[in-house]
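Report on one structure; see the data block that follows.
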Amino acid sequence: MNMQSGPADTAAEAIQVAPVDVRVEGVHVSYGEHHVLKDINLTIEPGEFFAFLGPSGCGKTTLLRLIAGFNTARSGRVLINGSDIGDLPPWKRNVGLVFQNYALWPHMTVRANLAFGLEERRLPRAEINRRVDAALALVGLSHLADRRPSQLSGGQQQRVALARTIVIEPKVLLLDEPLSNLDAKMRVQVRRELRDLQQRLGLTTIFVTHDQEEANAVCDRIAVMNDGVIQQVGTPMELYERPANLFVATFLGTANVLKGKVTGEGADRTFNIAGRGQIVIPPEAVVPADAQLVFRPQAASLGPASTEPSAGSIGGSIIRREFLGSFTRYGIEVGGTEIIIDEVFQNGVHLYELGDRVQVRLTEKATLWLA
Amino acid sequence: MTVALSEALPRRRGLGSPGPAVVAILIAVFLALFLIIPTASVVYVAFTERGTGAFTLVNIQDFFANDLFMRSLWNSFYVSTLTVVLASVFALPLAYITTRFDFRGSAIIQTLGFLPLIMPPFVGAVAMQLLFGRNGSINLLLYDWFGLRVPFMEGLNGVIFVQAIHYFPFILINLSAALRNIDRSMEEAAQNLGSSGIRLFRRIVFPLAMPGYIAGASLVFVKVFDDLATPLLLNVKDMLAPQAYLRVTSIGITDPMGYVIAVILIVVSVAAMWISALAFRGRDYATTQRGGGGLARRRMRPLEKLLAYAVVLVILALVLAPHVALTLLSFATIWSFSPLPDAFTTAHYERVFSDSFLYIKNTLLYASLAGVIDVVLGTAIAYLVLRTKLVGRQWLDWAATAALAVPGVVLGIGYLRTFYGVQLPNGAPLTSLWLVIVLALAIRRLPYALRACFAALQQISIALEEAAQNVGATPTRTVRRVVVPLMMGGILAGFVTSFATAAVELSAALMLVQTNSDAPLAYGLYVFMQSAAGRGPGAALGVIAVLLVAACTVLSQIIIARSQKNTGMSQ
């Protein structure tokens, strides 16, 4: 579909949504003894594209369904535009949920699927037709209005599901892994379209995914979840640059983690890696108890072992080498752990061989101490 | 004040509303009135002293002290067991040939194998006597050619023969399904480890197919054990179900022996179903994987092919025999001591359509009503069980399914007993209403309709309903606009099945029909068949019944295929 075309713009005007904020306050959800969500607190700004990101079973879909009204919280509140929606049944909440498997009604045409929610609101037929046409134009499917869902491709079904949700002019748009049933190429295309659509409508949107790349590419902010707890909330770059803990650091991108002990006090703190060297901890750094040393593969450089051992480097030996064109990825054994270092390829610079002893020099600013 | 009031209201949690609970209670009351209380009253009478209501085993002792009853009990077991054996003899080769070989005849077997199911055994019983009886066509020919007679239809043999021909498809279907569900890799793994031939069959194929066979066999056993109509039409009276019927109709509703027999019928039904359930417990033997497919099929050698065709032809001839005989009889002027009728006439059909059209009209009315009751209850119970969290919802399913274990005779006796004293405003007893027949038919067919509704609802993803609620539909509206339309194929199929089987049900009707003008087709057929002169019109009624059921069966297949196509759920 072409989102830039004229008719779609007019269509966007026919669908009127006001940006509202969503607040989740102290929410606990449990199934019997199993606690699925623990003390969730979140504020999603009006018009924001927000992601719940985490591995399967982390509670992200539960939280999304809680906002839609399909789960109940043991305690806590969900507020949309300042009003508590906890007492409203799903059909009175006006939050649009796009289901992972689209959940298109197979016995209705595309048009009937879109009209359904408006018919339930007892809108006049003319108004229903106008809004359905607009929503179809918005997702570029006007020509398929009389098809049945089973006659559409996966990507088209996904757009119908989106249009069916948007046509009711929801306060908030909830997307439950909307890209997971598409092939890799479609996924990239559709996520751009989603972002464009969201921007043009100005609709507060929550996107559930387990794919960090997806979340990074489209979302303004991300809540990283694990084990029913929100680990960190921030923009994609904040999360990558300053992860709050080990889970966030390792879940978003590749991170090296080295165990060690902190010795000394105040300005004299050092981080000792069992027999492999020590790193001076900058005085301003915050180091939690039982911290581990964390750095990205590109946040260090390699030097030959013969160089003078310095305070900011660790000794190790090359056990793996993958030449990937623009850079080379080395696996280096350090005190029983493998760490990964990416070295940018430069003409004339020789590569290390397996078995070479090397010094890993950390970039001080990009070094983290996390628990 | 208003604030305080709104705070005093209970906090709404989830989808809680009184609607489902009210529906559940109404269904529970219906099942209690027309299934549980009548059945319980039968058991109660069997174990209590007449008049005082004190617990006693005297009735049971009387039963076991009576030679006629003991002979009937033995005969019922004997007939049921031998029917299973004979039905297995028919079913095993067909199942084996169709699942193990690339055989052109497989499709014919699969289709014609179902043919007996559209005609209940009692319908063709009398006609079979004319074909296989002592002076029937086959024996006359055999005597002419070889000077011998085979007692196909003598006494209990007749019941066994007719029942086996009609019920072997249950074994065929279950066994074929079990064989088809065995993945080729099971067999190949055994071959790879050095097993082959008979040993492979005995150690791998046979054990894997066993639950399917037992399920089919126990179903046949129960059907035969409970059947009242076939023995009655073949004039076999010393079996349990006919004895129960005769005691209640000749001695009266207060005689305890009928109730004792009813209890025995229930116990045997439950035991057979229990055995069938045991066979499946912890043995989910469906081993086919995606892209798999059943056991390896191989081509037949010419001699094998000849043999296979011979077997198939003989069995198919037997399968078609009741249909052929019934059709001949319905067009025959006189058919006695000759291989074929003397001449043909349409007089019987004319008579049926002019004098006895009432039977057909009643049948259409009763069966439609029973079908409607069944799908309404079935849909409601399926929804309550699968989609709500009502406490005790599972009990509705269990109670409705328990009707499987209540033979028609027993339900009939139970209704007579329970509603005996209940009088209508005009003073007539409640049981004189034809509606009672409809209720009995509905209860008897409910388990099947319920399964159809369950299957239909299970195919619908819950997300489809959540999507409807998400865009603003209340649960009631969701049921109307999403659930029921999507279930419609299954509901219609359930209706047609209930209709078709209720249209030819006789056991309960025999007990409950009070006046001839309220009688359904099956009852009319029974009445006609009592006299030699009535056989022609009786057979004509039988043919009409068979055509009705066949049309329904075809219709239900078309409905299912179309609804799957329409809703895109065909894959």
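Using the three backbone atoms N, Cα and C, a Cβ is placed for every residue, glycine included.
Features as listed in TrEMBL:
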- B:21-47: transmembrane segment (TRANSMEM)
- B:73-272: domain 'ABC transmembrane type-1' (DOMAIN)
- B:77-97: transmembrane segment (TRANSMEM)
- B:109-132: transmembrane segment (TRANSMEM)
- B:152-179: transmembrane segment (TRANSMEM)
- B:200-222: transmembrane segment (TRANSMEM)
- B:257-280: transmembrane segment (TRANSMEM)
- B:306-335: transmembrane segment (TRANSMEM)
- B:360-556: domain 'ABC transmembrane type-1' (DOMAIN)
- B:364-386: transmembrane segment (TRANSMEM)
- B:398-420: transmembrane segment (TRANSMEM)
- B:426-443: transmembrane segment (TRANSMEM)
- B:482-504: transmembrane segment (TRANSMEM)
- B:539-561: transmembrane segment (TRANSMEM)
Determine which recorded stretch among B:109-132, B:200-222, B:306-335 has the most C-beta pairs below 8 angstroms with the transmembrane segment (B:152-179).
B:109-132
Among B:21-47, B:109-132, B:257-280, B:364-386, B:539-561, point out the range having the most Cβ pairs under 8 angstroms from the transmembrane segment (B:482-504).
B:364-386
May I ask you to check whether the transmembrane segment (B:77-97) and the transmembrane segment (B:398-420) make contact, with contact taken as at least three Cβ pairs under 8 Å and only pairs 6 or more apart in sequence counted?
no
Do the transmembrane segment (B:21-47) and the transmembrane segment (B:539-561) come together with 3 or more C-beta pairs under 8 Å, pairs six or more apart in sequence?
no
At an 8 Å Cβ cut-off, counting only pairs 6 or more apart in sequence, do the transmembrane segment (B:257-280) and the transmembrane segment (B:539-561) clear the bar of 3 or more pairs?
no
Out of B:109-132, B:200-222, B:398-420, which stretch has the largest tally of CB pairs under 8 angstroms to the transmembrane segment (B:306-335)?
B:109-132
Same-chain residue ranges lying at least 6 outside the transmembrane segment (B:398-420) that approach it to Cβ under 8 Å:
28, 31, 34-39, 41-42, 45, 226, 228, 241, 244-245, 248, 253, 258-259, 262, 265-266, 269-270, 273, 377-378, 381, 429-431, 436, 439-440, 443-444, 446-447, 450, 505-512
Beyond the flanks of the transmembrane segment (B:200-222) by at least 6 residues, Cβ under 8 Å
80-81, 83-84, 87-88, 91, 163, 167-168, 170-175, 177-179, 181-182, 186-187, 190-191, 268-269, 272-273, 275-276, 279-280, 283, 285, 287, 295
Is the transmembrane segment (B:109-132) packed against any residues at least 6 beyond its ends, judged by a Cβ distance under 8 Å, and which are they?
94, 97-98, 138-139, 152-153, 158, 161-163, 165-169, 172-173, 176, 227, 229-230, 232-234, 312, 316, 319-326, 328-329, 335, 500, 504-506, 522, 525-526, 529, 535, 538-539, 542, 545-546, 549-550, 553
